[in-house]
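Heads up: the structure comes next, in structure tokens.
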Amino acid sequence: MGVQENGNGLVGGKNKYKRMESDALEEDTVLSSNHQDREGVYVEKRNTKIYLLACAVFASLNSVLLGYDVGVMSGAILFIKEDLKISEVQEEVLVGILSIVSLLGSLAGGKMSDAIGRKWTIAFATLVFQSGAAIMTLAPSFTVLMSGRILAGVGIGFGVMIAPVYIAEISPSAVRGSLTSFPEIFINLGILLGYISNYAFSGLPVHINWRVMLGIGIFPSIFMGVALFVIPESPRWLVGQNRIEEARTVLLKTNDSEKEAEERLAEIQLAADLANSEKHEAKAVWQELLKPSPAVRKMLIAGCGIQCFQQITGIDATVYYSPTIFKDAGIKSESHLLAATVAVGFTKTIFILIAIFLIDNVGRKPLLYVSTIGMTVSLLSLSLTLSFMSDEKFGIELALLSVCANVAFFSVGIGPVCWVLSSEIFPQRLRAQASALGAVGSRVSSGAVSMSFLSVSAAITVGGTFFVFSVISALSVAFVHTCVPETKGKSLEQIEMMFQNGGELQSGEVELGDVEVQRLVQKE
């Protein structure tokens, strides 16, 4: 009996150990499965981020063309003036006309993107710019050069209007600010490349160097041919065309999970249903923009106002005419002038990269405060330096420091935030046309500044002109405080609701929006 009990005990013990081993094996399997699931989710999220990044980069390539033109023209104009024997007025017109005619592209871009889609409007913009750049490169006279610049300007108008809209519409709210700032980043990269091109090719003969400088601007647009096979159409545009399944496919690629994609799709459909409801059926988009409701009026003031302030504070004058500014400060050598502009380009590019990491973490409005206040101080410093310390070594250093500080503060705030805000604050039914209107305001302001800078400087000195810019910059601080809302972390549909309610979204309002979305999902 004792042995049997012992034997039974041993057998029981063995069975017990076997069960323990089985449980441990099962637990290991579960842990391994959970680990694999987590790893799968991580890989899926990483792939989503890479895909979104690729879409934002390709959509922003047109912005490189604008930036390159701005940067390269600042140096090329020195040699164009010598080669084609143009006057100072012709120089102003040649520099500024691109911004003025780009409004034609921006105005037409809103309508075209609603008709043929965001993606193919980007492609059309590239084609038009490429044609203009080719004509400029081969131009034998000022007249032909102007015609090429006008064509390039129209292409740029299409590009600068549609890229932020497209990126805002494909991006989840958590990263929308960073990704929508990509066009501004690529403008800065283009400016830097333009400055480097000026410095690199300035040693060539006068009748060749400026043609090479302008001709290199064609190359970025070639990559757009590849981009068309990578980037999808905007899901919000697809929903507006009742192509729901295609929109779902895009959202599955641009969101971390199927659940999140379905929620976003439901939000978009809800917004599209509101846009197509009786309230908006009989009212044309332009009629609504020209006779806006109180909510739309606030959107237009914020979106178009920030676009205009971005330009009338003189950033394009600083970039286009930086050799003129440094010459007025006391730098005489042509190579030293172009080298100084390269330093400005590097500063501008570095600080726009910093803005990417801050815009979705710090928020839009704090960056705008830092930017506008910093620009005001920098512009005032430049004005005083050029007025009282020109031709002195310290004055030259301070002028260079003030210009670099001005572009740094611009790039960390109002430069990228302007495009982010103007692409996210308008509702789906108005977004393309209203963004086009904002881009028109930006381009007209840029053209007015570029085409008048030399004449105004001749009348009140370069230092006096920058004093005027500093006063306007001070006014932009007040504008930001009064008219610009914070949109960080909100979906495009929640931002629309915020304007409809006349203030910041309250937590209950966010919950209500989510409930409506959930009901729509359940209904489907």
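Placement of Cβ uses the backbone N, Cα and C atoms for every residue, glycine included.
As recorded in TrEMBL, the features of this protein are as follows:
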{"type": "TRANSMEM", "residues": "50-80", "note": "transmembrane segment"}
{"type": "DOMAIN", "residues": "55-488", "note": "domain 'Major facilitator superfamily (MFS) profile'"}
{"type": "TRANSMEM", "residues": "92-110", "note": "transmembrane segment"}
{"type": "TRANSMEM", "residues": "122-142", "note": "transmembrane segment"}
{"type": "TRANSMEM", "residues": "148-167", "note": "transmembrane segment"}
{"type": "TRANSMEM", "residues": "179-196", "note": "transmembrane segment"}
{"type": "TRANSMEM", "residues": "208-231", "note": "transmembrane segment"}
{"type": "COILED", "residues": "244-278", "note": "coiled coil"}
{"type": "TRANSMEM", "residues": "337-360", "note": "transmembrane segment"}
{"type": "TRANSMEM", "residues": "366-386", "note": "transmembrane segment"}
{"type": "TRANSMEM", "residues": "398-422", "note": "transmembrane segment"}
{"type": "TRANSMEM", "residues": "453-480", "note": "transmembrane segment"}
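Sequence-distant contacts of the transmembrane segment (366-386) (same chain, six or more residues past either end, CB-CB distance under 8 Å): 306, 309, 313-314, 325, 328-329, 355, 358-359, 395, 398-399, 402-403, 405-406, 408-410, 412-415, 417, 461-464, 466-467, 469-470, 473-474, 476-477, 480-481, 484. Under the criterion of 3 or more C-beta pairs below 8 Å, with sequence separation of 6 or more, the transmembrane segment (337-360) and the transmembrane segment (92-110) do not qualify as touching, having fewer than 3 such pairs.
In the predicted model, residues of the domain 'Major facilitator superfamily (MFS) profile' (55-488) average a pLDDT of 85. A Cβ distance under 8 Å defines the sequence-distant neighbours of the transmembrane segment (148-167), meaning residues of its chain 6+ beyond its ends; these are 55-56, 59-60, 62-63, 65-66, 69, 94, 97-110, 112-113, 118-119, 121-122, 124-137, 139, 176, 179-180, 182-183, 234, 419-420, 422-423, 431-432, 435-436, 439, 442-443.
Sequence-distant neighbours of the transmembrane segment (453-480) (same chain, 6+ residues past either end, Cβ-Cβ under 8 Å): 88-89, 91-92, 305-306, 309, 312-314, 317, 320-321, 324-325, 328, 365, 368-369, 372-373, 375-376, 379-380, 382-388, 390, 414.
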